Amino acid sequence: MGFSENTTGLVLAMVSSLFIGTSFILKKKGLKRAAAAGTRAGVGGYTYLLEPLWWAGMITMIVGEVSNFVAYIYAPAVLVTPLGALSIIISAVLAHCMLRERLQRLGVVGCILCIVGSVVIVIHAPQEHMPTSVQEISILAIQPAFVIYVAVTISIVAALMFHYEPLYGQTNMLIYLGICSLMGALTVVSIKAIGIAIKLTLEGISQIAYPQTWFFLAAAVICIITQLNYLNRALDTFNAAIVSPIYYVMFTTLTIIASAIMFKDWAGQDASSIVSEICGFITVLSGTILLHLTREQEPANPPGNISWYDGEDIKVMEDGLYIMLNDSNYFR
């Protein structure tokens with residue numbers, strides 16, 4: 001006896017959460033090892049590309065994302081999306097066990113509030129109309145409302161990347177996560193189009209010849225690369241147990257907004273659903289505030305020490321004494 005489509009989607013979504021939650025920790029450990037051997041990703045370094053553990057996390061994340069992608073083909077978003085919260089719990093537990101990143105009790109409460117609020121938002125989000133072809137999606141994508149949304153999103157991302165990130169990227173995780181989440185919402189729209197194209201093609205209605213299919217594929221690749229780049233910086237700079245839930249909350253919220261604008265699913269909602277969504281947003285906001293207030297700060301340089309890197313040696317000014325460090329010697 002075979003599984004129903006919803007059961008298949010449910011299993012795939014749970015597997016996806018397991019892999020994605022684990023990938024955060026593997027990539028974080030890889031980034032830490034890479035930072036010890038070269039320039040940190042948080043300040044623009046790319047030495048993590050030579051770190052096998054980072055690639056293990058990358059492969060794990062890809063497997064999780066592919067599972068999540070296939071889950072959306074078999075089951076509705078209202079079933080798949082809330083299960084993404086499982087990845088938060090998994091990454092928080094693994095961060096505590098493997099990275100020794102403590103999550104305070106109020107932080108745990110904040111994490112739970114974020115999960116509950118996000119689930120409430122997703123459950124009471126309006127049902128979307130599933131397009132039957134790539135051409136139909138392209139028509140929806142050029143609606144004035146969605147074009148304005150995309151323009152605003154790209155403008156905000158550009159401002160965060162070129163103005164705010166150099167100034168506040170190392171102290172405010174919302175800069176990195178804002179870029180990831182905004183681009184992620186566009187990624188979902190593109191991925192959904194690709195998923196429909198693949199599903200229709202497998203059913204015998206080929207979508208390969210349509211240019212819209214390749215446009216959405218190119219858009220998805222660009223968005224995914226941008227997401228991964230800034231997610232790496234966020235993981236390298238901030239506590240993984242905090243990055244994971246906040247990223248989930250922002251990504252889920254923006255994805256619902258983007259989907260609603262594109263597919264016009266907000267029309268016809270009853271009052272109870274609207275009130276439930278507002279309560280969900282308030283719950284998410286409360287949880288996010290608690291997570292920020294209880295965040296465990298990354299260790300900084302000891303007071304009185306100033307260190308910098310000139311490309312060859314690490315130079316330290318300690319208590320008025322100039323010290324030069326190289327790869328084989330360390331003097332104190």
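Backbone N, Cα and C atoms are what each Cβ position is placed from, and that goes for glycine too.
Automated prediction, rather than curation, is the source of TrEMBL annotations.
Feature annotation from TrEMBL assigns transmembrane segment to 6-26, 46-63, 69-94, 106-125, 137-162, 174-198, 213-231, 238-262, 274-293.
Contact between the transmembrane segment (69-94) and the transmembrane segment (238-262) is present: at least three CB pairs lie under 8 Å, with pairs separated by 6 or more positions in sequence.
Comparing 6-26, 137-162, 174-198, 213-231 for CB pairs under 8 angstroms to the transmembrane segment (46-63), the maximum falls on 6-26.
Of the recorded ranges 6-26, 137-162, 213-231, the transmembrane segment (174-198) has the largest number of C-beta contacts under 8 angstroms with 213-231.
Within the chain, the transmembrane segment (6-26) has long-range Cβ neighbours (under 8 A, six or more residues past its boundaries) at 53-54, 56-58, 60-61, 63-65, 67-68, 70-76, 79-80, 83-91, 94-95, 98-99, 235, 240, 243-244. For the transmembrane segment (238-262), the list of distant contacts is 21, 24-25, 28, 77, 81, 84-85, 87-88, 91-92, 95-96, 99, 101, 103, 107, 110-111, 114-115, 117-118, 121-122, 125-126, 128, 140-141, 143, 145-146, 149, 153, 173-174, 177-178, 180-182, 184-186, 188-189, 231, 281, 284, 287-288, 291-292, 295-296, 298: same-chain residues at least six beyond its ends, Cβ to Cβ under 8 Å.
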